[in-house]
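The structure appears right after this line, and notes come after that.
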Amino acid sequence: MDIYEYVSNIISDVRINGIDALKRYSEAFDNYSGGFTVTDDEIEDADKSIKPGEKDAIKNIYERIYEYHKNQFEGQKINIKNGSIYGIIYRPIDRIGLYVPGKRALPSTLMMLGIPARIAGVKSIVLCTAPENGNVNKYTLYIARLLGIREIYKIGGVQAIAAMAYGISMKPVDKIFGPGNKYVNEAKRQVFGITGIDGLYGPSEICLIADDSANINYIKNDLLSQLEHGEASSAYLITNSLRIYNEVKLENVKKYYKETVEESIELANEIAPEHLELLVNDPLKYLNIIRNAGAVYMGEYGPVPAGDYFLGVNHVLPTGSSARFSSVLTVYDFMKRISVAMPSKYDFLSAVDSGLKLASIENMKMHYKSMEARI
């Protein structure tokens, strides 16, 4: 059975059999047979079990992420000309679902998803995450409390995506956000259209460009940091320094030698990596020739792991070369754009003849009559 059929069967089972199917999959995959809803007591217990220093670190990072994202939204775009009003208005999505992997808990991802959602004005947020030994990760619950998320379910995997999309054990959501394994990705792909999705996120990637000025230890550590995410992760080193090319000997790192930094960046544009890191002299002068990357980190104090945690930039990024057409997660992903038009009589009459001609070309008779009646 291929992955499409495997995932499709689970989604269909959950859609048709509801909570009974969720219980079966929770027992089979998570060894869990309890209730799905996380209680206030569980959230309180998680809060009490976290050390003050850990809370301070989480709050500091929370504030940095909030500060970075709060100015992304530039407001409504309304233009008034000749008595006409045209523009774009923005509205938050009514209800979203956040998926946070539970088996290898990454609570930082919840901040990267939840903070821009709150800034966007999303009122209703549901969180699904798989339990480990019957419990949700305590840091995930603490961050959910900071975000004001009270609707939390102990549901993971494909069944969580199906539950959020079809409203099993909860109200259905309008859009699902969050990374997962290949099965979760396939589930998101299959429910798209029933609900929205943020994207399809694969294994982590880093492409590091270094010139002869780069610190060898920084290069090695930064490349290995992304391989730490799992065996399917990718790491590329592109350098115009033969010394660095020869000294960096790491398993599972693909190395390329190019004559110049510009040529190195051109190769990186072809790779279109999730993370592009520049350890070169004067990196800013190369920024304008970078076309394809989920995120760019520059300078000796800008390693990718710092971006993963505390720089404030979002770490939910396009993978698998999808940076050719996709972007980093922002506040706008949690909003809808709605076009607005209120033409004046003068504006309408000055252009309606063109509209009538186009309606005739397309043989749209009622379109023609609708406009003609106003002349």
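Cβ coordinates come from backbone N, Cα and C, glycine included.
Summary of the site annotation: Swiss-Prot records substrate binding at Ser204, Gln226, His229, His275, Glu362, His367. Screening the candidates Asp56, Asp94, Asp308 against this entry identifies Asp308 as the one listed for that site.
Ranking the binding-site residues Asn181, Gln226, His229, His367 by the distance of their Cα atoms from the Cα of Glu274 (active site, proton acceptor) places Gln226 first. Excluding the listed site residues Tyr99, Gln159, Asn181, the same chain places Pro101, Cys128, Ala130, Gly156, Gly157, Val158, Ala160, Ile161, Gly180, Tyr183, Val184, Ala187 with Cβ atoms within 8 Å of the centre of the NAD(+) site Cβ atoms.
Taking the recorded positions Glu274, Asp308, Glu362 in turn, the residue surrounded by the fewest other Cβ atoms inside 10 Å of its Cβ turns out to be Glu362. The distance from the Cα of Glu362 (substrate binding site) to the Cα of Tyr99 (NAD(+) binding site) comes to 45 Å. Neighbour counts were taken as the number of other C-beta atoms within 10 angstroms of each residue's C-beta; across the recorded positions His229, His275, the minimum falls on His229. Taking the Cβ of His367 (substrate binding site) as reference, residues of its chain lying under 8 Å away and at least six apart in sequence are, in sequence order, Ala359. The binding-site residues Ser204, His229, Asp308 include none with a CA atom within 10 A of the CA of Tyr99 (NAD(+) binding site).
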